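Colleague: Sharing the features that Swiss-Prot gives for it:
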- R27, Q28, A29, G30, R31, D77, Y154, S209, H327: substrate binding site (BINDING)
- D77: site 'Transition state stabilizer' (SITE)
Amino acid sequence: MAELKNDRYLRALLKQPVDMTPVWMMRQAGRYLPEYKATRAQAGDFMSLCKNHELACEVTLQPLRRYELDAAILFSDILTVPDAMGLGLYFEAGEGPRFERPTDTIDAIKKLSIPDPEDELGYVMKAVSTIRRELNGAVPLIGFSGSPWTLATYMVEGGSSKTFEKIKKMAYAEPAALHMLLDKLADSVILYLNAQVANGAQSLMIFDSWGGALSHTAYREFSLRYMQKIVDGLTRFADGRQVPVTLFTKGGGLWLEAMAETGCDALGLDWTVDIADARRRVGHKVALQGNMDPSMLYAPIPRIEEEVSQILAGYGEGTGHVFNLGHGIHQHVDPEHAGAFIKAVHAQSKQYHK
């Protein structure tokens, strides 16, 4: 494998000195870019794009051609794992992801098998190895998965949900059934992420998009417990260097201390968290990623630059901060505004790394 030319992102996650704060954007390969829309049209639909390793590689690299980003993230979807378990993933216009066969009974959960990442998810591994080769050491490649709780919400609800009624009913009325599902998902995610590392991923991220829907105690029981199991089972060293792991619970600002206890290297912060407060609470244990409100990219460029300045000042001096948005970039953002955001992070952060 080619030697890394820019390892700023990996170094910041491991709290090693950097010359400036690294930056990337969640969903940086996405619908705000005209070139992404063209490639997606060529693929036919979203899942066909995910399953074609050459096109998945192309869209992963597109934002890196435009911007001086410090990391690439695999173009895929968190629902590849449940899809590989045989649930029949499809996308309904205006409705988002749906499953033909939800796992809303104990019998359905018992029948689930753990997918082989090199077989049922082989298309993802082919994308990882292709992207890693094409990056040629320019920046590190991030692999990722959804958290067991977040994947389970889609599997039990049969798709997206605003209320999480079915899965919460299972959590409180049939907890043994939900624990069985979460355990299978944790085992599946461990295999899936370790296979991504074996195929070239240099950092890992676990997206717990819906952990914030849980109560204080339920979060620990149904979400954090299974992310802990995953962290314990991950390959943390490959290609002669550490493979950092980042946990991100959207709406998880209450639980940063508990998340930092898992042994992960970094925590993702959404935009509701004060980064200065987060650093005071857990900065001695973990690096922090975040956390500008993605909607700020709709603001005039001087306002974006001002927000970047405030977040950098909030984190303060020294390493251990990866700048990002607090969630994925919105599809209607002007690509020039995204570019101004990235430039502002690099230009303004040098003063904090003397």
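Cβ coordinates are placed from backbone N, Cα and C, and glycine is handled just like the others.
Not measured: the values here are computed from a predicted model.
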Colleague: Where among the binding-site residues R27, R31, H327 do you find the Cβ with the fewest other Cβ atoms within 10 Å?
Modeller: R31
Colleague: Between D77 (site 'Transition state stabilizer') and A29 (substrate binding site), what C-alpha distance do you get in Å?
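Modeller: So the Cα of A29 (substrate binding site) lies 12 Å away from that of D77 (site 'Transition state stabilizer').
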Colleague: How far apart, in angstrom, are the most distant Cα atoms among the substrate-binding residues R27, Q28, A29, G30, R31, D77, Y154, S209, H327?
Modeller: 23
Colleague: Here are the recorded positions: A29, D77, Y154. Which has the lowest count of other Cβ atoms within 10 Å?
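Modeller: Across A29, D77, Y154, these recorded positions, the one with fewest Cβ atoms within 10 Å is D77.
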Colleague: Going by DSSP, is H327 (substrate binding site) sitting in a helix, a strand, or coil?
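Modeller: Where H327 (substrate binding site) sits, the three-state DSSP reduction gives coil.
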